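Q: Sharing the record's features from TrEMBL:
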DOMAIN    B:4-180  domain '3-hydroxyacyl-CoA dehydrogenase NAD binding'
BINDING   B:G8, B:A9, B:G10, B:V11, B:M12, B:G13, B:D31, B:E89, B:K94, B:S116, B:N140, B:K271  NAD(+) binding site
SITE      B:H137  site 'Important for catalytic activity'
DOMAIN    B:183-279  domain '3-hydroxyacyl-CoA dehydrogenase C-terminal'
Amino acid sequence: MTTHATATTAETITGFITGRFPRAEIDPAKDIFSLGYINSLFAMELVMFIEKTFELTIPNEELSIDNFRTVEAMTALVDRLRPAVTTG
Amino acid sequence: MAMIGVVGAGVMGVGVAQNLAQGGHEVVLVDRDEAVLAEARTAIARNSRMSRLMGGPALDADTILAAISTAVGVSSLAKADIVIENVTENWDVKRAVHAELDEACSPDTVLVANTSAIPITRIASVGAHPERVVGVHFMNPVPAKPVVELIPGVHTSEQTLERTRELLRSMGKRWVDVKDASGFVSNRVLMLTVNEAAFLVHEGVATAEAVDEVFRGCFGHPMGPLETADLIGVDTILYSVEVLYEAYADSKYRPCPLLKQMTDAGLHGRKTGRGFYTYES
């Protein structure tokens, strides 16, 4: 996994969150649910967005709120689940 | 375990069916056509999968779906112990469905009307056995909301109420006893709040985001009224306000024109992907 690909994943996820919550200042380590206006209903949308965008299926055992609390956690989840592909 | 019928496979019916399956019941989910039922099964699978993420128990979607069979029309509910009706919040639709249920079901079947604003006594008047009709106002999403309003009509029997309480216990629900009046407690207040919030947006006083932020930030509500409208369904909000308007003949329940326009435009909230906000689906 290259640094560039990881940065892109984080940016893509951040972009989705700020698209819905334009005033949100998203630090990669920030717990988005602590902002006060993002709730578990949005977590469900994050699951669907991530699966569609990164073309993967998140296994049931990974569907815990802790995997969606921060952009860092979501990026790590995507990295774990993405098939190891070599782009060239 | 006795069979429980669920009529109407929209947002509420899907939630009720899943909640019953979680409680160990055998469920028959009924709607008018196969396409709606196929969508309902997809929604139940998705919602079961997301259960733990939403703060509920971890669920196996296949196990939940195995407890739920589907059928077109109410004839398959003849032997149901209890039927929970969740059709559109519109009197003509409710009346027609309750007439069919009264005909199709055994007189021993308890008929639960899940309604947000229509009086239970009025629904019970449709059939020949008003003593077996009772109101339960479930909240959305059904499996995640622990409390309901329990509403007897004028003729509802104690036996009907006790069987309904027993069913609610098996679903992990507590109830608040409320007398029969259009909108009960919850929607008499909530629908006026949502309607007035829609007027604020309609008049350009504030954006939907700003209205909701006032409720979250100033009052500490977990969700603002317009996010709530998107969750319930903007169309359902409109129908409920119209039911209140008609029931009380009071202009304070006049529906906001923006709710009408959004309903006509298909901007029904989360279930259609767009309402006051836009959603990923």
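Every residue gets a Cβ built from N, Cα and C, even glycine.
All TrEMBL annotations are machine predictions without curation.
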Q: Fewest other C-beta atoms within 10 angstroms of its own C-beta: which of the recorded positions B:K94, B:H137 fits that?
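A: Among the recorded positions B:K94, B:H137, the sparsest Cβ neighbourhood within 10 Å belongs to B:K94.
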Q: From the DSSP assignment alone, can you count helix, strand and coil residues within the domain '3-hydroxyacyl-CoA dehydrogenase C-terminal' (B:183-279)?
A: 65 helix, 3 strand, 29 coil
Q: For B:D31 (NAD(+) binding site), what is the secondary structure by DSSP, using just helix, strand and coil?
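A: Assignment for B:D31 (NAD(+) binding site) reads strand.
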Q: For the binding-site residues B:G8, B:G10, work out the Cβ neighbour count at 10 Å and name the residue with the minimum.
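A: Looking at the binding-site residues B:G8, B:G10, the Cβ with the fewest others within 10 Å is that of B:G10.
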Q: Go through the recorded positions B:G8, B:G10, B:M12, B:D31, B:H137 for me and flag any whose C-beta is under 8 angstroms from a C-beta on chain A.
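A: Near chain A: none of B:G8, B:G10, B:M12, B:D31, B:H137.
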Q: Rounded to a whole number, how many Å is the Cα of B:G8 (NAD(+) binding site) away from the Cα of B:H137 (site 'Important for catalytic activity')?
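A: Just about 15 Å between their Cα atoms.
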Q: Please list, in sequence order, the residues in the chain of B:D31 (NAD(+) binding site) that are at least six apart in sequence and whose C-beta is under 8 Å away from its C-beta.
A: B:V7, B:G8, B:A9, B:G13, B:L37, B:A40, B:T70, B:V72
Q: Within the chain of B:N140 (NAD(+) binding site), which residues six or more apart in sequence place their C-beta under 8 angstroms from its C-beta?
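A: Counting only residues 6 or more apart in sequence, the Cβ neighbours of B:N140 (NAD(+) binding site) under 8 Å are B:V11, B:M12, B:G15, B:L231, B:I232.
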Q: Could you tell me the mean pLDDT over the domain '3-hydroxyacyl-CoA dehydrogenase NAD binding' (B:4-180), as a whole number?
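A: Its mean pLDDT is 96.
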Q: I'm trying to understand the geometry here, so how far is the Cα atom of B:G10 (NAD(+) binding site) from the Cα atom of B:H137 (site 'Important for catalytic activity'), in Å to the nearest whole number?
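A: Their Cα atoms are separated by 15 Å.
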Q: What is the number of other Cβ atoms found within 10 Å of the Cβ of B:M12 (NAD(+) binding site)?
A: 28
